[in-house]
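Undergrad: Take this structure, written in structure tokens, and hold onto it; I'll ask about it next.
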Amino acid sequence: MQVFFQTIIGGISLGAVYALVALGFSLVYRTMGLVNFAHGNVVTVGAYLASTFYLTTKLPFALAMLVAIAVTAAIGLVIERVLRPLENRDFDLMLIGTIGFGIVLDALVIMIWGATGRAVPSPVPAAPIELFGLRIRTYDLVVLAIAAVATVLLVLFLSRTKRGAAMQAVAMDHEAATAVGIHVGRSNAIAFMIGAGLAALAGGLVGPLLYVNPALGGALGIKGFAAAILGGFGSIPGAIVGGLAIGVLDSFAAGHFQGYSELVTFLVFTVIIMIRPTGVFGERTVNRA
Amino acid sequence: MVRPRATAISAVAVLALVVAAGCSAPGGDKKESGSDSGPIKIALVDAQSGQLSSLGAWELKGAKLAVTEWNAAGGINGRQIQLDVFDDQADPTTGTNLARKIDSEGYIAMIGTAESAVTIAMAPTLKTAEIPNITSGQSPGLVAVGSEFLFLNGPTSTTYDETLAKYIVDQQGIKSIALITNNGSYGKGEHDAFTKALTARSVTPVADQVVTTDQKDFSAALTSIRQKNPKLIFLGAEEVESGLIVKQARDLGITVPFAGAAPQGTPVFLDTAGAAGAEGTIVSSPYLSNDISPASKKFADAYKAAYNEDAELHGAKAYDGAQIMLTALKNSNVATGKPLADAIRATKYQGLLGDFAFDQTGVGIFATSIGKIQGGKLVAAAG
Amino acid sequence: MRYRIATLAIIAVAAWLLPYGLDSYAIHVVNVILIFAILAVGLGLCMGVGGQVNLAQVAFFGVGAYATAILTTRAGWGFWVSALLAIAATMAIGLLVGTPALRVQSHYLGIVTLGLALAFTNWVTNAQIAGGAEGISAIPVPTLPGVDLSSEYLYYYLELIVFALVLAFGLFIVRTALGRRMRAMRDDALAAGALGAEVPVLRMTAFLLASVYGGVAGVLYAGLIRYVAPESFSIANMFLLLAMVIIGGRQSLIGCVVGAVGLYLVREWLVDHPTVAQLAYGTVVVLVVVFAPTGLAGLPKRLRAALGRGRAGSAARLQPFRPYETRAEPAGQGAPILEADRISMHFRGLKALDEVSLSVTAGEIRGIVGPNGSGKTTLFNVISGLYRPTRGRVRFRGRDATGLAPYRLARAGMSRTFQNLRLFGDLTVEENVLVALDRSATWHSWHYLLRPVHVLRRDRDLHRRARESLDRYGLTEFAALPPKSLPYGIQRRVEIARAMAAGPALLLLDEPAAGLNGEEVRQLSEIVRSIRDSGVTVIVIEHNMGLVMSLCERITVLAGGRVIAEGEPAEVATTPAVIEAYLGDSMEVTG
């Protein structure tokens with residue numbers, strides 16, 4: 001029983017990070033219909049930036065995160081500009097274009113920071129909390145709290161601000177949105193900026209949990225994308241639920257199937273997607289003839 | 001106008017085809033190896049890119065240091081030594097490509113990678129081409145290949161883990177041991193070698209957890225281990241993953257020491273696990289620290305002077321390997337192929353790792369020392 | 001043609017003589033390139049031609065190589081027997097990986113296939129039989145009497161022959177019925193299905209083809225490298241393969257080969273700077289996708305298009321329609337060909353159709369009218385199988401047809417056009433018609449392997465019939481043009497010609513007059529009458545009341561998802577309910 005709950009805790013801890021990654025995927029997708037396969041690599045960039053500001057320039061962790069988010073958001077704007085011609089085009093082409101972009105970012109990261117990685121000491125040195133024989137890392141609670149706050153802020157932004165409402169409109173029908181005078185390009189740019197910022201948040205937060213190296217984002221990206229799909233692609237609550245679900249699924253697979261965990265995780269994922277292609281919160285779109 | 005010309009071309013083409021087919025098969029390779037003048041060409045094959053490139057970088061530095069020293073002393077028989085680097089990207093297919101490449105470009109010897117899978121992939125080609133090579137791998141699988149041209153610059157996992165088991169079980173009397181290893185070639189080798197050493201002492205591990213090489217969360221495995229209350233946890237994974245496992249174990253309230261081989265003695269492991277988490281880790285290594293002997297001090301100073309960083313095990317291994325290769329070249333008057341391989345086998349060399357004397361399997365050293373991480377440093381274990 | 005043969009001959013001779021100029025390393029590189037080229041062709045067939053995102057190609061490659069390795073070293077079987085079994089195993093895996101394609105497409109399929117590829121690497125890393133992370137070494141050299149295949153030079157010839165065969169086979173598929181159908185499905189799966197292409201079978205075929213190529217490449221790899229390990233089938237190599245196909249041009253198999261050869265050579269050239277190589281090919285992929293989506297292979301065409309813009313399009317002229325021969329007594333005259341029984345269709349609470357019943361007699365022209373949003377197109381979509389109705393039954397030609405897949409209905413004799421025109425944009429006008437003409441079952445594709453001559457002969461016959469059909473509709477001069485380049489009215493006519501090429505008993509026309517000028521409407525009316533006279537029942541959705549009144553024998557009026565009137569034109573036009581429903585839409589009554 002203890003193993004069961006501890007496994008859930010471990011799964012949720014990484015699941016929160018997957019959720020943040022999934023959130024970025026979903027936000028960009030719902031606003032501009034772009035599946036950004038380079039998102040995982042943006043996570044790597046964010047992780048490196050955050051750890052660089054934290055370790056090298058000795059900024060406080062929170063400040064380092066904010067700077068990293070700002071810089072990564074700016075990078076997001078650049079990516080959006082380059083990929084703009086792909087928007088609302090052939091889906092497969094788009095997918096491949098972003099994969100290409102991911103390859104480029106990956107190479108750039110290696111060129112700038114080298115192929116080996118770095119360890120980031122935890123900014124919250126407090127000892128783990130002990131509860132009914134279960135151990136919960138304080139840093140995990142911080143990550144969960146930040147993920148929750150980020151989600152709430154995002155939802156508030158989308159529902160309460162004018163710009164957010166405009167983005168919602170673009171998400172629903174970009175032609176109609178254009179017709180009522182919404183600047184679609186700007187909405188897309190902002191979506192991408194926030195998406196990249198979320199990636200940096202995820203990357204920066206995961207740094208002290210794991211080890212920052214060029215391969216970091218690839219693994220998080222694939223799991224995060226799977227999470228977004230599992231939750232219902234484009235859905236904000238879906239991204240959160242999907243992220244936690246993938247995290248927990250992963251942990252249990254690791255516990256029960258040991259070395260074969262990856263095989264099991266992806267087989268289960270495939271089966272779920274085949275049974276319910278639209279995910280947990282996704283809505284079935286109708287074919288228009 | 002069009003027709004006749006096209007037909008003529010086709011006819012010529014068919015004719016050429018027939019002639020070509022009638023000719024002898026292609027494949028006359030004009031080798032430039034074994035030339036008696038010019039620099040002595042040695043290839044260094046290592047991962048210079050990818051996740052394991054830190055190992056590759058260390059090995060390159062170690063081997064290069066040895067070559068620089070020899071060249072500064074006038075080379076061999078008045079000939080300079082030329083060390084060229086090839087990046088295997090830790091990919092066996094790339095390795096097989098490189099094996100052919102160094103053969104066709106006339107390299108007479110090779111210093112190889114810590115990635116055993118790459119070396120195993122290259123072995124048949126190097127055997128056919130008769131290129132002796134000394135690699136940094138430690139998998140027993142390298143011995144199983146049975147190539148007379150393949151040598152190891154250190155002990156195999158069997159030695160590492162036999163020494164470790166001897167220390168833990170026989171000397172410390174710890175019998176309640178848990179295993180956590182990854183399913184990569186290194187982790188698998190460690191798992192098998194250590195289990196074998198335990199079985200020989202009729203000790204059964206209380207837990208045997210296998211993780212994947214890119215796993216990030218180890219709660220399930222570690223919690224199961226914690227429930228078994230072992231006195232010690234054996235760790236078989238590369239530097240970063242080992243560090244993560246130790247870090248998470250400490251967070252889960254596991255306080256018993258970890259034990260492992262070479263990776264657990266490296267700075268990367270220490271950084272990832274954190275000095276407090278790594279404290280007390282038992283390490284089986286042929287090269288515990290830079291100030292273990294006068295030779296190692298000299299090496300470490302030279303290393304520091306050349307690269308402005310502290311030397312460690314992988315650099316030392318590659319340095320030893322290169323020294324052995326160069327000594328054999330000198331002893332054999334720059335022989336190539338089988339005579340060179342024989343010369344390597346005959347070389348007795350007192351290296352940083354100990355005294356090398358090769359047997360028929362290509363392994364030259366059969367001992368490691370036990371060290372312990374204390375105060376964030378690896379020091380020799382007492383008793 | 002002669003030139004082509006000559007070029008081929010020159011390439012063949014060059015390929016044959018190539019090893020004489022290469023050292024032992026270069027020949028090894030060439031051998032590896034050929035393997036990647038075979039993989040790229042397979043990926044091109046699946047992704048470029050079939051439109052199925054397949055990020056598991058590298059796993060197919062791995063299955064082929066691993067199966068060969070396991071069978072030769074563990075079971076001790078001969079290389080060639082193992083090779084055949086390995087390809088069979090790869091095909092089985094291909095079908096398994098392809099299964100999700102039946103449910104999901106594009107990025108969903110991307111992540112699923114990628115996940116399955118990771119699952120494969122994970123399995124071989126763990127499995128004892130696959131040698132774990134250290135892989136399997138000492139795979140025996142393939143034996144061939146009189147030829148020593150341990151020589152890479154001679155192995156090259158083996159690879160070259162296999163490569164030539166599989167490339168030729170791929171081109172054969174692309175240029176004949178199966179490839180055309182796959183391309184049609186890639187362009188517009190919905191329209192392809194409505195024309196009788198068995199979309200599920202085609203998707204599986206795409207994956208099957210990819211897996212065969214992956215298997216062949218894997219076997220050659222095992223024979224060449226004689227060692228397999230998990231890292232060789234990693235995601236990084238999958239992306240490299242993807243880049244080869246995209247840069248070369250995924251829709252052209254030759255392009256895929258060029259991409260594979262080119263990218264591998266560049267990588268080889270930059271072998272000491274892998275990061276630079278990575279940066280370079282990533283950048284090229286982005287640039288190609290943004291600026292030249294058809295890849296290198298598409299460049300000549302784009303150049304030509306840029307130079308001689310619009311030349312071909314303006315020269316071609318529409319010829320008059322040549323009416324069908326009138327059937328004296330259409331078969332089944334008087335019996336209902338289509339019956340809809342109280343059909344309801346709900347979308348998330350919205351009732352698009354509410355208990356709609358309809359009976360259409362064989363040989364009549366039925367009009368369906370109604371204000372916008374009255375459910376006309378939804379009704380068509382239910383009838384033609386795109387939607388499964390929430391309630392109610394549809395009977396077609398006396399059999400229950402509720403919720404049958406569109407392609408089954410198409411094969412049973414139902415054909416349709418679409419409100420927004422769904423012509424296959426990447427196919428020529430003639431190929432659009434050819435797709436509809438082809439009524440063969442896709443699972444008969446084994447003919448490609450065993451009866452190629454039969455396939456060719458059938459294809460020639462299809463072409464003859466396509467030309468006849470185009471000639472009847474006066475479209476001969478447009479045969480070789482892409483439909484999107486044509487004026488709207490002509491596209492409408494192409495779509496009708498295409499729907500009729502399927503040889504239907506019932507033709508559904510969804511707003512065929514939309515966007516046509518007066519003269520074109522008159523021609524349309526003539527065409528539809530002739531179609532009916534040839535024995536085909538026609539149902540028309542139309543807003544142009546003039547056309548409906550003059551053309552249709554009976555009219556069904558829908559409003560708010562319900563039938564509010566049905567009868568002869570004159571009778572319906574005076575029904576109070578109809579007048580009321582149209583009050584807000586009076587323009588269309590008079591128009």
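Glycine is no exception: its Cβ is also placed from the backbone N, Cα and C atoms.
It should be emphasised that the depicted structure is a prediction, and the values quoted were computed from it without experimental measurement.
Just lifted these from TrEMBL, have a look:
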- C:27-46: transmembrane segment (TRANSMEM)
- C:53-71: transmembrane segment (TRANSMEM)
- C:77-96: transmembrane segment (TRANSMEM)
- C:108-125: transmembrane segment (TRANSMEM)
- C:154-177: transmembrane segment (TRANSMEM)
- C:212-229: transmembrane segment (TRANSMEM)
- C:241-266: transmembrane segment (TRANSMEM)
- C:278-299: transmembrane segment (TRANSMEM)
- C:338-585: domain 'ABC transporter' (DOMAIN)
Undergrad: Given the transmembrane segment (C:53-71), which of the listed stretches C:27-46, C:77-96, C:154-177, C:212-229, C:241-266 has the most Cβ pairs that are under 8 Å apart from it?
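TA: Answer is C:212-229, with the largest number of Cβ pairs below 8 Å.
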Undergrad: Please check if the transmembrane segment (C:241-266) comes into contact with the transmembrane segment (C:77-96), where contact means 3 or more CB pairs closer than 8 Å and the residues in each pair are separated by 6 or more positions.
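TA: With fewer than 3 qualifying Cβ pairs, these stretches do not touch.
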Undergrad: Taking residues 6+ outside the transmembrane segment (C:212-229), which of them lie with a CB under 8 Å of any CB in it?
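TA: For the transmembrane segment (C:212-229), the nonlocal Cβ contacts are 31-32, 34-36, 38-39, 41-43, 45, 57-69, 72, 79, 83, 86-91, 94, 131, 133-142, 149, 152, 155, 158-159, 162, 166, 170.
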Undergrad: Would the transmembrane segment (C:27-46) and the transmembrane segment (C:154-177) count as touching if the test is at least 3 Cβ pairs under 8 Å, pairs 6 or more apart?
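TA: The transmembrane segment (C:154-177) and the transmembrane segment (C:27-46): touching, yes.
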Undergrad: Would you kindly list the residues that approach the transmembrane segment (C:77-96) from elsewhere in its chain, counting only those six or more residues past its ends and only Cβ-Cβ distances under 8 Å?
TA: 59-60, 63-65, 67-68, 71, 120, 140-143, 204, 207-208, 210-212, 214-216, 218-219, 222-223
